Amino acid sequence: MSDLETVAKFLAESVIASTAKTSERNLRQLETQDGFGLTLLHVIASTNLPLSTRLAGALFFKNFIKRKWVDENGNHLLPANNVELIKKEIVPLMISLPNNLQVQIGEAISSIADSDFPDRWPTLLSDLASRLSNDDMVTNKGVLTVAHSIFKRWRPLFRSDELFLEIKLVLDVFTAPFLNLLKTVDEQITANENNKASLNILFDVLLVLIKLYYDFNCQDIPEFFEDNIQVGMGIFHKYLSYSNPLLEDPDETEHASVLIKVKSSIQELVQLYTTRYEDVFGPMINEFIQITWNLLTSISNQPKYDILVSKSLSFLTAVTRIPKYFEIFNNESAMNNITEQIILPNVTLREEDVELFEDDPIEYIRRDLEGSDTDTRRRACTDFLKELKEKNEVLVTNIFLAHMKGFVDQYMSDPSKNWKFKDLYIYLFTALAINGNITNAGVSSTNNLLNVVDFFTKEIAPDLTSNNIPHIILRVDAIKYIYTFRNQLTKAQLIELMPILATFLQTDEYVVYTYAAITIEKILTIRESNTSPAFIFHKEDISNSTEILLKNLIALILKHGSSPEKLAENEFLMRSIFRVLQTSEDSIQPLFPQLLAQFIEIVTIMAKNPSNPRFTHYTFESIGAILNYTQRQNLPLLVDSMMPTFLTVFSEDIQEFIPYVFQIIAFVVEQSATIPESIKPLAQPLLAPNVWELKGNIPAVTRLLKSFIKTDSSIFPDLVPVLGIFQRLIASKAYEVHGFDLLEHIMLLIDMNRLRPYIKQIAVLLLQRLQNSKTERYVKKLTVFFGLISNKLGSDFLIHFIDEVQDGLFQQIWGNFIITTLPTIGNLLDRKIALIGVLNMVINGQFFQSKYPTLISSTMNSIIETASSQSIANLKNDYVDLDNLEEISTFGSHFSKLVSISEKPFDPLPEIDVNNGVRLYVAEALNKYNAISGNTFLNTILPQLTQENQVKLNQLLVGN
């Protein structure tokens, strides 16, 4: 069993920068020992240890559970007794922990519940429910927090019978004690209105009760809650207007009190009921509209109220979507009141916003551009305004234009003093001008009552070039206007703007140069149309500015090189670099060695403490772009300059970088005639089991292993470890696709004389998986694999491959799985490979015809049905939109594919077009085979086909 003192020592060292890596490695070595998880829990529970050590333990435990609780098939990885003891101890432990530790253990419990609840954790519900009481609110808070950490999993899930059964199971146990506790807490708040300590814990409990109320109702409104809607919503209505000075700190302006959090959660719940359950909630909606109005018109603009304002506005937005409630607002008087009392106060720039701009510029940008963990007032107001405008564009536009004219007049009267009025003017014009949603591709439709290009010329362009701008935020507003309406400006206008934006990369103003970088990147990603992969900007368009753009962008990053965290803080700069590289393509090859050296320097600095997954991603994308556009004869030089750093990444086990490094090395090997000498030493370590344990590694290491096999399979003198990797992948539902990808390379690229001793075992593994735990995807990939083998190794080989396991087994597999699955394959490349491989069995398979003649007619039915299908589903384009990478927010949670060096799918039949070429090939092949048979084949087979397929065959053969 792991020693508690040793584990505590390593955890204490893990929070010190100089010892963090070593201690992490030591803990990883210990985690394989029996009882390690329990030891971690005991460390977390030890009140005599420093809180920092316990928190480090809670974080490590959370990640340990994510890594080690179950495999990809849901089987426990820990010993059974460890599993049971952890589940027994973790609930009472979490209940007793302080808030910051509860959060981490709550996530661990949620992970455990994902795999084990309810079937493998049947005692959980009764254990939780039995701990609830009317008097011990501290315990109640802990119990409810545990429950919420489990039940919040339901919120994003798709409806299913299994999910509803789980929810019903919980409701049957929880609803009665839950509602009783809600009423008790309400009563005790009233009874303790002058007792600050009691009020604080009671409101803590009330907050979690509201979150659970949402959990219980997130999928559908249960009958119990429908029956008790007056009770529950009556209590919540009461607390939206509740005030008590004991719950507020007048000196606190930034952080929301528990009372504000309670009101915000109520508004979130009320929005759910308005959106989803208006049929039962309708009679109460007007009461909540009134109280929300009172709230919004009475609370101050202090940041601590931002979350409440945002949630309240989101509720009003949901109300506005319902026509009968919109009519409350659909008149000039009401709309003026909304404008003056709600929208304008909440979109006007505050001193706190200006301070954020100056003191924490990257956070200002994230809030402005993306929103943040707590939604901004401006974002919520914009959503509300957009909904009002969609319902009555003329009324809303005219009312706001009248107010906006006044803002312009105030600004012009004293620009240096009244610059915020111009900021407000630009913000409101932008919000009014946009129709529909802003997608990653930008604005696609604008308000016909407004002219965005004319506004740009008159109001925006001067602020781009003026040397006497009243406040730098107006410069940012001007740049952001280009960013927002880039699709409405012509290419000629954008080309004129590019040098201006480029000059902003030389300023010291953080937000200015960052927005300039963002806007340059977005301009370079404008496509010729929404469905086109082609960009409007090409390398010729930026040839005169590419070098200076890259130089300035890289300089902005490296000026923070003293700190790995600060260096990697601003992913927008690196993303812009990547886009410039992608656009310039091969036009700056002489710069590649110098650029690569700078990126390697950045990687080396980041490696000390990887902190920003997006910055990391775009850094490696940029390296990939350079390699992709490098002439093949120059690759070895660049590889030699990278490999020392990459080998350090491996030796120091920098897991945040490893999947990227594997992809880059794989690309280099794919492009090389021989495996570079600096890469050869990786071949054997690549086969080590620990390399394949981290889920995020698997696609990349599979690609690298395939590239070794493709370029020089003799680098693996012993095939057993390679086949062991295949066995591991093919057994997994999560990685079966990678297993088939690897097997294709093994079967087609390794000399058959070397492979022959293992052929039968490969077939056994495939068939065992088919028998024991097949999935729809597995059977489809097996069908494609059969097609590939038939095409490349021959129909006779395929039959012997299966029948060597058991004579006659081929008939069962072919008839029950392959030909029934073929018509269901949607991916066009897979369909082509499988269809032509199956056809090959008929027209080139003498052994097939002699041994399995009864399969011919059913095989032909499958071929005709597939070849006649009009489906063109799911063939991926050659490009991947970079905006799809926005989800990258954490390291190691999933594989992050590098777009710049993406692997092309293997096509064994490139001469046959995946669309019309397949039908044409099938028709020609059948006609040719029929002619060789003396016109007997089709005459013989036609009566054996279904009537529908007889018609389809005739149409196919004549080219219809």
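Think of each number as a place in line: the chain as shown, counted from 1.
Backbone N, Cα and C define each Cβ position, glycine as well.
Under the heading domain 'Importin N-terminal', Swiss-Prot lists 23-96, citing sequence analysis as support. The repeat 'HEAT 1' annotation in Swiss-Prot covers 1-33. Under the heading repeat 'HEAT 2', Swiss-Prot lists 34-73. The feature repeat 'HEAT 3' is assigned by Swiss-Prot to 74-120. If you look up Swiss-Prot, you'll see 121-157 marked as repeat 'HEAT 4'. Feature annotation from Swiss-Prot assigns repeat 'HEAT 5' to 158-220. Sequence annotations record features per position, and here Swiss-Prot assigns repeat 'HEAT 6' to 221-278. What Swiss-Prot lists as repeat 'HEAT 7' is 279-323. The repeat 'HEAT 10' annotation in Swiss-Prot covers 446-489. Here Swiss-Prot flags 490-528 as repeat 'HEAT 11'. Residues annotated as repeat 'HEAT 15' in Swiss-Prot: 675-716. What Swiss-Prot lists as repeat 'HEAT 17' is 752-794. As annotated by Swiss-Prot, repeat 'HEAT 20' applies to 929-960. For 366-381, the entry in Swiss-Prot reads motif 'Nuclear localization signal', with the evidence type sequence analysis.
Listed as Cβ neighbours of the repeat 'HEAT 2' (34-73) (distance under 8 Å, sequence separation of 6 or more from its ends, same chain) are residues 1-4, 7-8, 11-12, 14-15, 27, 79, 82, 85-86, 89-90, 93, 96-98, 100-101, 104-105, 107-108, 111-112, 115, 695, 732-735, 773. Under 8 Å from some Cβ of the repeat 'HEAT 10' (446-489) lie the Cβ atoms of residues 349, 354, 357, 368, 389, 393-394, 397-398, 415-416, 419-420, 422-423, 425-427, 429-430, 432-435, 438, 497, 500-501, 504, 509, 511-512, 515-516, 518-519, 522-523, 526, all in the same chain and six or more residues away from its ends. Counting residues 6+ beyond its ends, the repeat 'HEAT 1' (1-33) has Cβ neighbours under 8 Å at 39-40, 42-43, 46, 49-50, 52-53, 56-57, 60, 64, 68, 609, 652-653 in the same chain. With DSSP states grouped into helix (H, G, I), strand (E, B) and coil, the domain 'Importin N-terminal' (23-96) comes out at 53 helix, 2 strand, 19 coil. Among residues of the same chain six or more beyond the repeat 'HEAT 7' (279-323), those with a C-beta under 8 A of the stretch's C-beta atoms are 221, 226, 229, 233, 237, 240-241, 252-257, 260-261, 263-265, 267-268, 270-271, 273, 329, 341-342, 345-346, 350, 352, 374-377, 379-381, 383-384, 387-388, 391. Non-local neighbours of the repeat 'HEAT 4' (121-157) in the same chain are 87, 91, 94-97, 102, 106-107, 109-110, 112-114, 163, 166-167, 169-170, 173-174, 177, 180-181, 184-185, 188, 201-202, 204-205, 208-209, 211-212, 214-216, 218-219; each lies 6+ residues outside the stretch with a CB under 8 Å from one of its CB atoms. Among residues of the same chain six or more beyond the repeat 'HEAT 17' (752-794), those with a C-beta under 8 A of the stretch's C-beta atoms are 73, 719-720, 723, 726-727, 730-731, 733, 736-737, 740, 743-744, 746, 801-802, 804-805, 809, 813-814, 817-818, 821-822, 824-825, 830, 833-838, 840-841, 844-845, 908-909.
Looking just at the repeat 'HEAT 15' (675-716), the mean pLDDT is 95. Per DSSP, the repeat 'HEAT 10' (446-489) is made up of 27 helix, 1 strand, 16 coil. Summarised by DSSP class, the composition of the repeat 'HEAT 15' (675-716) is 31 helix, 0 strand, 11 coil.
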